[in-house]
Amino acid sequence: MNIKIAKNAGFCFGVKRAMKMAWDEVEKNDSGIYALGPLIHNKQAVAKYEEKGLKTVNEIDTIPNHENMIIRSHGVPENIYKEAKDKKLKIVDTTCPFVKKIHTVVSEYHNKGYEIIVIGDMKHPEVIGINGWCENSAIIIKTLEQMENMEFDNSKRYCLVAQTTINPELYISIVNKLSDKLEEIVFNDTICSATKTRQESAKELAKEVDCMIVIGGKHSSNTQKLVKVCEDLVPTFAIETKDELDVNTLKKYKNLGITAGASTPNWIIEEVVTFLENL
């Protein structure tokens with residue numbers, strides 16, 4: 001069995017930065033550290049922080065006044081900052097700088113009177129956060145088919161941004177269609193370069209192997225995009241840890257490729273590789 005790992009796999013810049021900032025904060029405080037939502041979409045990595053005392057909550061109302069609150073890398077709506085100030089919380093803002101840039105663009109164009117269009121999943125925390133910078137008024141498009149069934153007002157001006165982890169091909173297809181539909185629209189390609197690179201690297205590796213293993217959280221958007229890219233080319237197995245590997249199935253393949261989502265720590269990737277090498 002030959003094992004190859006994609007050139008670009010695992011933690012991206014934004015996640016590395018967020019995890020280090022959060023770890024430094026947890027190390028400094030024995031108690032009273034709260035994360036508003038899971039730090040990243042990887043429950044194994046988050047568990048290590050919770051063992052050190054981090055408390056994950058879903059609502060800011062559940063955080064006591066004067067405590068420390070970590071804003072995760074996905075970012076949050078604008079109103080969260082005001083609520084945190086009212087509660088006198090100390091904010092540790094680990095929002096990815098690329099996501100912060102989207103917040104700035106959306107806020108700026110919304111204040112100029114533009115309608116905001118977001119390409120992404122309305123249920124994803126990053127998109128929820130982005131929408132919160134235009135008073136939750138964004139038009140959110142997840143698929144090309146959805147967009148084709150929408151009606152737009154050509155008397156209005158539009159500004160488009162994208163969830164950082166969407167498929168670049170989806171972005172291009174929607175942009176091309178909207179270019180024909182709308183007279184005045186500003187396009188902002190806000191897909192993270194790490195997302196593009198990771199997907200391209202996974203695609204190249206998938207062409208060289210008999211099957212792919214994609215490691216990442218079940219709720220991780222970028223991991224699911226990697227799965228889609230790979231399964232279009234070869235049999236693909238999506239897992240969170242080595243314990244989910246089906247040994248009997250994998251033994252059928254001679255050349256295995258491995259990639260991992262942006263929220264997957266190196267130690268989980270290494271565990272999978274070691275497990276496969278010992279088969």
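Positions of Cβ are set from backbone N, Cα and C atoms, glycine also.
Residues or ranges marked as [4Fe-4S] cluster binding site in Swiss-Prot: Cys12, Cys96, Cys192. Annotation source Swiss-Prot lists (2E)-4-hydroxy-3-methylbut-2-enyl diphosphate binding site at His41, His74, His124, Thr164, Ser220, Ser221, Asn222, Ser263. The feature dimethylallyl diphosphate binding site is assigned by Swiss-Prot to His41, His74, His124, Ser220, Ser221, Asn222, Ser263, with sequence analysis given as support. The isopentenyl diphosphate binding site feature in Swiss-Prot is assigned to His41, His74, His124, Ser220, Ser221, Asn222, Ser263. The feature active site, proton donor is assigned by Swiss-Prot to Glu126, with sequence analysis given as support.
A map of Swiss-Prot features onto the structure.
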| residue | record | DSSP class |
| --- | --- | --- |
| Cys12 | [4Fe-4S] cluster binding site | coil |
| His41 | (2E)-4-hydroxy-3-methylbut-2-enyl diphosphate binding site | coil |
| His74 | (2E)-4-hydroxy-3-methylbut-2-enyl diphosphate binding site | coil |
| Cys96 | [4Fe-4S] cluster binding site | coil |
| Glu126 | active site, proton donor | helix |
| Thr164 | (2E)-4-hydroxy-3-methylbut-2-enyl diphosphate binding site | coil |
| Cys192 | [4Fe-4S] cluster binding site | coil |
| Ser221 | (2E)-4-hydroxy-3-methylbut-2-enyl diphosphate binding site | helix |
| Ser263 | (2E)-4-hydroxy-3-methylbut-2-enyl diphosphate binding site | coil |
Thr164 ((2E)-4-hydroxy-3-methylbut-2-enyl diphosphate binding site): nearby recorded positions from Cys12, Glu126, Cys192, Cα cut-off 10 Å: Glu126, Cys192
Which of His41, His74, His124, all binding-site residues, has a Cβ with the fewest other Cβ atoms inside 10 Å: His124
Shortest C-alpha distance to Ser221 ((2E)-4-hydroxy-3-methylbut-2-enyl diphosphate binding site) - which of the recorded positions Cys12, Cys96, Glu126, Cys192: Glu126
Cβ atoms near Cys96 ([4Fe-4S] cluster binding site) (within 10 Å, other residues, all chains): 23
Neighbouring recorded positions, C-alpha within 10 angstroms of Ser263 ((2E)-4-hydroxy-3-methylbut-2-enyl diphosphate binding site) - of Cys96, Glu126, Cys192: none
Whole-number Å value of the largest CA-CA distance among His41, His74, His124, Thr164, Ser220, Ser221, Asn222, Ser263, listed as (2E)-4-hydroxy-3-methylbut-2-enyl diphosphate-binding: 15
Those residues of the chain, 6+ apart, with a Cβ under 8 Å from that of Cys12 ([4Fe-4S] cluster binding site): Cys192, Ala194, Thr195, Arg198, Ala262
Same-chain residues at least 6 apart in sequence whose Cβ lies under 8 Å from Asn222 ((2E)-4-hydroxy-3-methylbut-2-enyl diphosphate binding site): Thr165, Thr195, Arg198, Gly216, Gly261, Ala262, Ser263
Euclidean distance between Cα atoms of His41 ((2E)-4-hydroxy-3-methylbut-2-enyl diphosphate binding site) and Cys96 ([4Fe-4S] cluster binding site), Å: 14
Residues within 8 Å of the His41, His74, His124, Ser220, Ser221, Asn222, Ser263 Cβ centre (excluding the isopentenyl diphosphate site residues themselves): Ile40, Pro125, Glu126, Thr165, Gly217, His219, Thr223, Gly261, Ala262
Inter-residue Cα distance where the pair is the residue listed as 'active site, proton donor' and His41 ((2E)-4-hydroxy-3-methylbut-2-enyl diphosphate binding site), in Å: 12
Ser220 ((2E)-4-hydroxy-3-methylbut-2-enyl diphosphate binding site) and Glu126 (active site, proton donor), Cα-Cα, nearest whole angstrom: 11
